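Asker: Quick one: the structure is below, questions incoming.
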Amino acid sequence: MTRIAIVGVAGRMGRTLVAAVEQDAEATLAGGVVEPGSSLAGADIGELAGLGKCGVAAAASLDAIVDDFDVLIDFTAPQVTLANLAFCAAHGKRIVIGTTGLSDEQLAELDGYRDQLAMVFAPNMSVGVNLTLKLLETAAKALGDEGYDIEVIEAHHRHKVDSPSGTALKMGEVVADSLGRTLKEHGVFERVGQCGPRDAKEIGFATVRAGDIVGEHTVMFATEGERIEITHKASSRMTFARGAVRAARWLAEQDNGRYGMQDVLGL
Ligand code: NAD
């Protein structure tokens with residue numbers, strides 16, 4: 001049984017994660033943490049998730065539950081995640097990180113912990129998206145240098161704070177890596193006004209933010225005469241939450257290191 005704690009337990013993903021752990025026969029809900037100062041501290045986390053009482057009270061800090069859990073699941077915000085990473089490294093815990101929107105400096109800081117603890121860090125925990133990444137690698141190798149323009153289009157709900165999504169960036173990176181390109185050099189994140197014709201090696205990104213869209217990603221390979229689109233649509237946050245719980249169970253058996261969902265799923 002893997003003892004899992006969830007940080008940001010009152011958030012959109014936090015509440016879904018409570019349900020996902022409750023449904024998993026090999027994981028147990030060992031704790032939940034709310035934002036410091038939150039009036040929800042002390043509330044039953046099952047009730048926060050709309051599931052009814054589960055007997056676990058929301059804690060105001062990780063310190064309060066340090067002896068109760070083995071793996072922390074963190075879907076919060078970059079600064080919060082980095083602080084939790086330091087906490088887990090200092091206390092011999094493992095961590096599954098779903099937070100997106102980390103800057104290059106923050107990613108380097110995260111990577112600095114790879115020898116100090118076992119972590120899974122993935123911008124998208126859904127099994128379907130991680131399979132899609134494999135399909136993209138194949139498509140990019142076959143098409144990318146043969147005159148096909150590559151564009152990544154994503155859509156999310158109106159509350160999302162980072163753009164493009166971590167998943168869109170990951171898809172772009174997979175395509176770029178397969179073709180010996182980099183997003184730093186070839187990524188195009190904005191087209192406004194007289195921006196001229198498209199360069200053949202560009203990897204373009206377009207973003208939609210609207211309503212309650214859970215997460216949709218399309219990578220388009222387009223040339224004269226045909227267009228191939230590889231699309232993933234998430235219709236429920238449960239797909240990410242189940243992936244995160246699966247990652248936590250897998251991580252409980254691993255040595256120190258930084259892992260991705262491809263490792264968890266053996267892809
Ligand atoms: P949200 O705003 O609903 O939830 C974030 C929660 O973190 C909030 O409840 C907030 O109170 C809490 N929080 C902030 N600071 C805290 C602190 N110091 N201690 C404890 N809790 C704290 O956001 P969300 O939609 O749940 O998304 C959270 C993150 O997860 C985002 O970065 C999002 O992009 C990412 N995400 C990743 C995946 C994936 O599969 N990897 C899927 C969905 C969302």
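Cβ coordinates are placed from backbone N, Cα and C, and glycine is handled just like the others.
What TrEMBL records for this protein is below:
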type: DOMAIN; residues: 3-125; note: domain 'Dihydrodipicolinate reductase N-terminal'
type: BINDING; residues: Gly8, Val9, Ala10, Gly11, Arg12, Met13, Glu35, Gly98, Thr99, Thr100, Ala122, Pro123, Asn124, Met125; note: NAD(+) binding site
type: DOMAIN; residues: 128-265; note: domain 'Dihydrodipicolinate reductase C-terminal'
type: ACT_SITE; residues: His156; note: active site, proton donor/acceptor
type: BINDING; residues: His157, Gly166, Thr167; note: (S)-2,3,4,5-tetrahydrodipicolinate binding site
type: ACT_SITE; residues: Lys160; note: active site, proton donor
Asker: Out of Ala10, Ala122, which has the highest number of nearby Cβ atoms, where nearby means within 10 Å of its Cβ, if these are the binding-site residues?
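Answerer: Selected residue: Ala122.
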Asker: What recorded positions in Gly8, His156, His157 place CB under 6 Å from ligand 1?
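Answerer: Going through Gly8, His156, His157 in sequence order, those close to ligand 1 turn out to be Gly8.
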Asker: At a 10 A cut-off on CB-CB distances, which of the binding-site residues Thr99, Thr167 has the highest count?
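Answerer: Sorting the candidates by Cβ neighbours within 10 Å, the top entry is Thr167.
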Asker: Does DSSP give Arg12 (NAD(+) binding site) helix, strand or coil?
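Answerer: Reduced to three states, the DSSP call for Arg12 (NAD(+) binding site) is helix.
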Asker: Three-state secondary structure of Lys160 (active site, proton donor) from DSSP?
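Answerer: It is coil.
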Asker: What is the maximum Cα to Cα distance, in Å and rounded to a whole number, among the residues Gly8, Val9, Ala10, Gly11, Arg12, Met13, Glu35, Gly98, Thr99, Thr100, Ala122, Pro123, Asn124, Met125 annotated as binding NAD(+)?
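Answerer: For the residues that bind NAD(+), the greatest Cα distance is 23 Å.
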Asker: What is the one among the recorded positions His156, His157, Lys160 whose Cβ has the most other Cβ atoms less than or equal to 10 Å away?
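Answerer: Buried the deepest by this measure is His156.
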Asker: DSSP-wise, what's the residue breakdown of the domain 'Dihydrodipicolinate reductase C-terminal' (128-265) into helix, strand and coil?
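Answerer: Breakdown, helix to coil: 52 helix, 38 strand, 48 coil.
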Asker: Hey, what's the Cβ neighbour count for Glu35 (NAD(+) binding site) at 10 Å?
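Answerer: Cβ-Cβ neighbours of Glu35 (NAD(+) binding site) within 10 Å number 17.
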Asker: List, in sequence order, the same-chain residues at least six positions removed whose CB sits under 8 Å from that of Gly166 ((S)-2,3,4,5-tetrahydrodipicolinate binding site)?
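Answerer: Listed in sequence order, they are Thr100, Gly101, Pro123, Asn124.
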Asker: Hey, what's the Cβ neighbour count for Asn124 (NAD(+) binding site) at 10 Å?
Answerer: 26
Asker: Out of Gly8, Glu35, Thr99, Ala122, the binding-site residues in the record, which is closest to His157 ((S)-2,3,4,5-tetrahydrodipicolinate binding site) when you go by Cα distance?
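Answerer: It is Thr99, whose Cα lies nearest.
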Asker: Have a look at the recorded positions His156, Lys160, Thr167 and say which one has the shortest Cα distance to Gly8 (NAD(+) binding site).
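Answerer: Comparing Cα positions, the candidate nearest Gly8 (NAD(+) binding site) turns out to be Lys160.
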Asker: For the domain 'Dihydrodipicolinate reductase N-terminal' (3-125), give the DSSP counts of helix residues, strand residues and coil residues.
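Answerer: Its residues fall into 40 helix, 28 strand, 55 coil.
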